[in-house]
Amino acid sequence: QGIFVLGLPYALLHSGYSGLFLIILSAALCCYTGKILIACLYEENEDGQLIRVRDTYEDIANASCNMLSPKLGGIVVNVTQVMELIMTCILYLVVSGNLLSHSFPYVPVTEKTWSVIAFVTLLPCIFIKTLKIVSKLSQLCSLVHFIIILVVMTYCLTQIHQWSLAKFRLSIEFEDFLVSVGVIIFSYTSQIFLPTLEGNMKNPGEFRCMLNWTHFFACVLKTTFALTAFLTWGEETKEVITDNLPSFLQTLVNLCLLTKALLSYPLPFFAATEIVYSCISRGNQSNYRSPLFSLGLRGSFLLLTLLMAMFIPHFALLMGLTGSVTGAAMTFLLPSLFHLKLKWKNLSFLEKCADISVFILGFLCSLAGIVCSIKGLLEVLG
């Protein structure tokens, strides 16, 4: 349940009843693409047993594009992953500055200065060397997120006397609907981390079952939260639902959101730097394997995220543009494409149709998101 959950009530405002269907459909599609992505890690041996012959998303991409170039697929996937992860880190910095400026409006400090202050608290990230530290921070992040959801849900339940299904729209604007599609779909994305997760499971045979249950519960929780919040505020629902809370709760929740944003930063940061470090240090280049080089790389990435957060204008629109390209590619386009390429001979007619349908749907979502983001950028730039 990522930070995107807080935008789901706003998505329902613009998508009406179809938004509820989209939340369920997105869970099913993301669960399916997660399964076919992991299926690409395995091949049958002479005895018909499945053997794990690949370890990462990059390995799958290289195997799929082997006819064109042995490393082309891996390069495309790595660039896409790093772009998405770095943009996510930048978003957390921008959000932190925004939350601090709203929490302490009486302090004469600009939003960008607040972002720098938030950045200082993230400096210890350059010393993170293992996933163990990241997992502990992510645990704390989950706890803070639970508190935020609990506060919003509790307040909504106190307003149950105001609920009415008449608040749902029957007619929707196409562009607003596309925004809702983006928010709903990208609240489920986890494909980048799945190959590593499956490889580290005590019993990888339970992966499909785990994926079914986690997506089922995610769907139930997202639907319940979005519906409860939307029925409480209706047409007054804001982009981030915590902005609808009364002032005495808003400051508390904003500080919790700030904590969540700062605790969320290390995971995409660690993943991005590990991808780049592993690409650079391949072979026998001993200079690139030194601890000092690793420290310098992480420090450079940390500084890059701050500079981009400070100086890129209209970041939200650029984030939408990047998300439409990288998010749709990693979640829908590439898993279905790789599955068709690597497993074509073993797939049934229905499985081929399912993969092709997912690819087409992902392409249309990506195209629509790109068009809307570029249109928004052009309007802002005059």
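Quick reminder: no glycine exception, Cβ is built from N, Cα and C everywhere.
The domain 'Amino acid transporter transmembrane' annotation in TrEMBL covers 1-374. Feature annotation from TrEMBL assigns transmembrane segment to 20-42, 72-94, 114-131, 143-165, 177-197, 209-232, 252-280, 292-312, 318-338, 358-378.
Counting residues 6+ beyond its ends, the transmembrane segment (177-197) has Cβ neighbours under 8 Å at 2, 4-5, 7-8, 10-12, 14-15, 18-19, 22-23, 26-27, 29-30, 33-34, 37-38, 41, 54-57, 60, 81, 84-85, 215, 218, 222, 271, 320, 323-324, 327-328, 330-331, 335, 365, 368-369, 372 in the same chain. Of the recorded ranges 20-42, 252-280, 292-312, the transmembrane segment (114-131) has the largest number of C-beta contacts under 8 angstroms with 292-312. The largest share of C-beta pairs under 8 angstroms with the transmembrane segment (292-312) comes from 252-280, of the ranges 20-42, 209-232, 252-280, 358-378. Of the candidate ranges 20-42, 72-94, 143-165, 20-42 contributes the most Cβ pairs within a distance under 8 Å of the transmembrane segment (358-378). Contact check: the transmembrane segment (252-280) against the transmembrane segment (72-94) gives at least three Cβ pairs closer than 8 Å, residues 6 or more apart, which meets the contact criterion.
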